[in-house]
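Participant: Below is a structure I'd like to ask you about.
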Amino acid sequence: MMMNSMIRQGWQQVLRRFSIPTSGDRLIVSNSTDQPIGLFGAFDTSLQTLSQVTNDPEVLKQKSNIPTHLDVASVLEASPRSFPWVFLTNSFCTFGGSIHAQNLQAFATAEFKSGFCYMNLLIPLSFDIIDAHADSFRGFVEQLPDTLGAYPSLSMVLNVMLHAATRFPEIVASPIPTIAFDAESLQFHVTDKRGVPGMWNILKACRVYELLSLAADGIGCEYMLYPVGAAPQYSFWKKSMDHFTSDRFVEFLAMQDLLASALEQDYATHDARDALLSALQNAGYTNVVARERRFPNGHDPSIVWLNLSEAPISEKLTELKRYLLVGHRSDDTADITHNVHQHVFEVLKTMSVQFSKTTNAYNRARFEVNHKVIWNAEYGRGPQQNAELEALVLFLNRQSLEIENILHRTTSPVVVTSWKPDVPPAAPEIKEEEPTHAIATPITEAPSHVTPVEVVNLPPTRSYWAETLVGILTAILGTVFAFLTRALIRAKRLRRKSTFPWVTLNSGDDDDDQSGGGGGGPQTPGGQPPVPHTRGTHQSRFSVQDIASDTSLLSVDLDEDTLSQYDETFQKIRRALFETSFADILQNSARWISTLEAMALADGNAPYTLLAQYLNGIEEAYTNFRNTGHISRATLSGFFALEDNLRAAGIAFGTTTPTQTIQNQFADSPARRWKTRFEQIACELGDASIKSLADLADIIDTERERGDLTQFDVLAASSISSLCRAVRIISDTTDPNAQLALVENATAMQNNINAILGTNVSIPFLSATRRLLITRRVQEAGAESRSGATPETVQQLADAELAKIVSEANMYNEMAASQRDIANATREATIREHVLSPVNALANVGMAAAFFRSGGLRSRAFNPAMPTMPGGPAAAGRPMFQAFRGRGHRLNR
């Protein structure tokens, strides 16, 4: 029997990534600390046992002809049954008991890296997969190593095999390699062509169905938690990451307090400099994280660790320490304190996300996500990791504001005596399995021999007459500057002309142009009369305060009708945002966004692009919420950030912003209340659950009369109410055949609700009723056998009934597998949304900010090739809206 070519290609990809390299040691079984815990012995030592077991010299002959290292391609081309491999089993030591003849049914396998030996279980199954399932099985094989990682527990491996047997029924009777067990290290190993390690035991399982029966019998047993490969550690750890063991980590808040207190000191004395240098050298801990030592717990948002050994903070700290040690010797005593403060400023800036592009701050989630490592004893941390990452972002933003306040704080002229760094000692999380000596010595205080420094009170030297004179001169100069700015800049307008340099400045007051005196207004260089003054046609600079009320645009091509239309649209948008009118936003968003993009082309300084992004995002989020009943925290955080930027640009919101309205509707969603109550009822037993379901149906019917339900609320109400009534009908029905049909229908409704609401609810009443009906049918079949039927007929009836029960069980397993696939897909989509939404929001804000900094289309009048606004001829082949249009922007250089 040949392996399907598609499956063979998938195995080649897996073997290329996870098999032992040619230079690797193939004779040792290692644990998580790379210490040998088992050896593969020579085949000669087991010849006597082999002869006693098989008494078949032909097997020995075939064994001796097989090379030591089989070619992987030849193994994958042929059926494993052509290689009757014999493992090194011990006749006196078996795990669970097994006959040795069954263990001879084996096959040639690849040699996988330590921790991935469970992949050997899938190699013999590959030969029994039908062509219709080849594509699905290939994807299953390729995804499994990344899904389980290295060293999963035995229960996880058995769950995977149960899932595979459900999806691919043809593999139930397929053979599997021997699974060895070491009673000393308490770990399993799926053997390959090297055999069983010496003195290891073997599991009583030679085929898939025997392995699944072991999974059913071992529920709750301790050995189900033993690792397949080694003890808990970080999977995918690289040698290049070993530097983290010696890196120095310190709590973020402790380092911030240390530097903040350092800014309040005078460093004219040697003892003060030594105290700060000693505090910096002793700050933090080493040996915080390693392959077998997990990063400290990150559930508390305030516990954030700073890696002092990574750039850029390590470079700034080195400069500060070097200056405290020797650099200050060439400076005057009066300048030393100022220079030390400047170095401390630079270190603080590296800790703030506002001043530094990269951050050295970590919590557990950021460390594991950034370095792509997985703690193999814990899985399914996706939602928890997302929450920890969001908490880290909020923490860094909050501390950045605090650092900014520290940097702007004026230093006190009073010198504090006997200063000691205020660094609270805090040890990282110590796990039970970690030795106590793994934690380094905590931060130490300043040396006790520091001599007190005298308190110096500086006398006041202020001159009030000089300050008054400076204030008067400043006011006069400010008035003159404002007058010149208005007279020489705001009154000038750009005018086009038909000759080089294509534009000219036409100065003068707009009111004088309309007065009618003095022999007429000025003429343009082209000899044409000046354009009559209309509101908003002159070029003006926008300020943050007047953007919301001033509709002037930086363009000379807009006529009065276009400007009036833009002004009317802009006022409608402001009114809809202020009143939080989602009806207007959903109805007019497409037209409003198009108008805002056109306005952004005319005025590069106004926040029209940012406003268009906000309207588009709000519309999509609100529509998605009404259809699915879900919106992520990351999406809401992005909208809150956009609203803050719009407020800074002069866009006013009402008491409740659109984002707050969506958040409140999500929190008060009727579907969420029904879902919570439905999950609570699913845990009840007996008649109480039936009564509770009926009460829930009545509550839903009452609340369905509300007119503010979303589409998702209506769908959830219909599904849950139908299931509640179906359960009531089942409890009132006495006909077994009718009950079975109703149970099937109710089970389908239950699976549908789990798919819609993202739950994993199983009503005990349905499962109990189903088991009761199946038991009655078996008993009835037995009763029929006692009515004079022949033994052959009785056996046929029993086989038919058993086959039907097995078919129903398989169908139920298929539905459960489909439900798990849907839940996994939903969870992956949620993870992608949590990770990508804040990144996209920040990228959009950055693009809009870069667009405004580039000047928008202020250089448009100097470039005749740029497209014109509506009402004028547009350049062929150029889109209407283009970001980064400014000629001086760095993206255009």
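Cβ atoms here come from the backbone N, Cα and C positions, even for glycine.
Grabbed the feature section from Swiss-Prot, which reads as follows:
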type	residues	note
DOMAIN	109-229	domain 'Peptidase C6'
ACT_SITE	Cys117	active site, for helper component proteinase activity
ACT_SITE	His189	active site, for helper component proteinase activity
REGION	502-539	region 'Disordered'
COMPBIAS	515-524	compositional bias 'Gly residues'
Participant: Tell me the residue counts in helix, strand and coil for the domain 'Peptidase C6' (109-229), as DSSP assigns them.
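Facilitator: Helix, strand, coil within the domain 'Peptidase C6' (109-229): 59 helix, 18 strand, 44 coil.
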Participant: Over the domain 'Peptidase C6' (109-229), what does the predicted model average in pLDDT?
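Facilitator: Reported value for the domain 'Peptidase C6' (109-229) is a mean pLDDT of 80.
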Participant: Measure from the Cβ of His189 (active site, for helper component proteinase activity) and count the other Cβ atoms within 10 Å, all protein chains considered.
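Facilitator: His189 (active site, for helper component proteinase activity) is surrounded by 25 other Cβ atoms within 10 Å.
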Participant: Could you state the CA-to-CA distance between His189 (active site, for helper component proteinase activity) and Cys117 (active site, for helper component proteinase activity) to the nearest Å?
Facilitator: 7
Participant: Give the number of CB atoms, excluding that of Cys117 (active site, for helper component proteinase activity) itself, located within 10 Å of its CB.
Facilitator: 27
